[in-house]
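Right, one structure below, let's go through it.
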Amino acid sequence: MRPGLSFLLALLFFLGQAAGDLGDVGPPIPSPGFSSFPGVDSSSSFSSSSRSGSSSSRSLGSGGSVSQLFSNFTGSVDDRGTCQCSVSLPDTTFPVDRVERLEFTAHVLSQKFEKELSKVREYVQLISVYEKKLLNLTVRIDIMEKDTISYTELDFELIKVEVKEMEKLVIQLKESFGGSSEIVDQLEVEIRNMTLLVEKLETLDKNNVLAIRREIVALKTKLKECEASKDQNTPVVHPPPTPGSCGHGGVVNISKPSVVQLNWRGFSYLYGAWGRDYSPQHPNKGLYWVAPLNTDGRLLEYYRLYNTLDDLLLYINARELRITYGQGSGTAVYNNNMYVNMYNTGNIARVNLTTNTIAVTQTLPNAAYNNRFSYANVAWQDIDFAVDENGLWVIYSTEASTGNMVISKLNDTTLQVLNTWYTKQYKPSASNAFMVCGVLYATRTMNTRTEEIFYYYDTNTGKEGKLDIVMHKMQEKVQSINYNPFDQKLYVYNDGYLLNYDLSVLQKPQ
């Protein structure tokens, strides 16, 4: 027999002996039966005592504790008289492969857990960011609710009802109005246009309700004026002087702001300018332009053009163009050309809007630039272009003027300076400025919701003086003001929002 098998049998004998002593089950196995298993050569001894081995076999079989360790125990004698036996042990091996699979599964689960945990941490950070944004938005909404400007949820059905009521009123006025019906006809056309605009807004942008409601209020006011004139049998009060003319005594009042919309690049783009192109040859066909600066508040890189105000309101049919050299919010558009301060220089440029290329550049003599004399609260606007009934102007300061405002009339084609006026108003004390009929009007900040038109300089007479015209605003800082002579409106860029105002002028006696 093999040494290993001899060892196993000896071990079994020992276990059986111990079981017999402890359990007192059957007689003990005689030691001579196993004295012949010291090694390989002991097989003959085992054969000579085969009967004793059989007896031992029976004794082992009667030991209950030993028999439980084996699944089978058989023996045989070959033709040489050698006893051979086989022992089958139970399947009690340790499941190493299962433990390895379990370890691998645990490792995979641990990796997945770490990955999900990192996602949770990232989501927690994002939630914190959005929570701050939501808080900021809540504060803005609270401010708007307290202000005279309010945003309401768009109720298109209610607007449609209001428009239909105005249509009925116009029909009644046409039937009963005794005098000229020209204004009534104009109102009817405007109401029809309003109906079309409401239908467009209903299917596209639902965030411009304020602009629509303001137009409805304006139309209702006109209808009331028509009714009053009919009842009192008095002539209709005509609007201010013909657009583009200067037959008046200057600006005396300004309306509440009309919020058009947020600029097309979003909340982060606080600085910029916008307005309506004015062309003396085609005053009623001016396109609308919006030019937000990059978030650094300095570089003018992208701007958009819209053919109509409806296109601007609905974000449709826009031409988006790119330049790489504009600086500050002092941009203006006149006769299909955009006028900008060249980046990091005191040069000015005319950009053709059809080709989006520089048509001409010119150095503005002695002009300070790069924040030397910019407006209060607004950086990079040392050079500010303006448009009025007389053409193109530029407002700036020089070292010689000790920072006071300088006004120059420009040739809109060559950018040559035609004439220059020096004021006594320190430019960094003003928040912004604009021109109307050759008169400079400067604004200053009163508080976070109010500006004041406080100063004027008339280039026609050389006179200057103080004013106190209150100008409400939506946000804290006014970045730019552009005037359009055709509709006599101010186009204001207010911390990313596009506002416009109607100007009231002093009527001269006929």
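Cβ atoms are placed via backbone N, Cα and C, with glycine included.
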Query - N-linked glycosylation site per Swiss-Prot (candidates: N136, N411) - result: N136
Query raised in the report: Going by what Swiss-Prot says, which of N253, N352 is noted as N-linked glycosylation site?
Result: N253
Report summary line: Across the domain 'Olfactomedin-like' (245-507), the model's average pLDDT, rounded to a whole number, is 96
Query raised in the report: Within 10 angstroms of the C-beta of N253 (N-linked glycosylation site), what count of other C-beta atoms is obtained when all protein chains are considered?
Result: 13
Report task. Just name the winner among C246, C437 (the disulfide-bonded residues) by count of other CB atoms within 10 A of its CB. Result -> C437
Report summary line: Simplified DSSP label at N253 (N-linked glycosylation site) comes out strand
Requested in this report: Can you grab the distance from C437 (disulfide bond) over to N253 (N-linked glycosylation site)? Cα atoms, rounded to a whole Å.
Outcome: 15
Query raised in the report: Where does C437 (disulfide bond) sit in the DSSP three-state scheme?
Result: coil
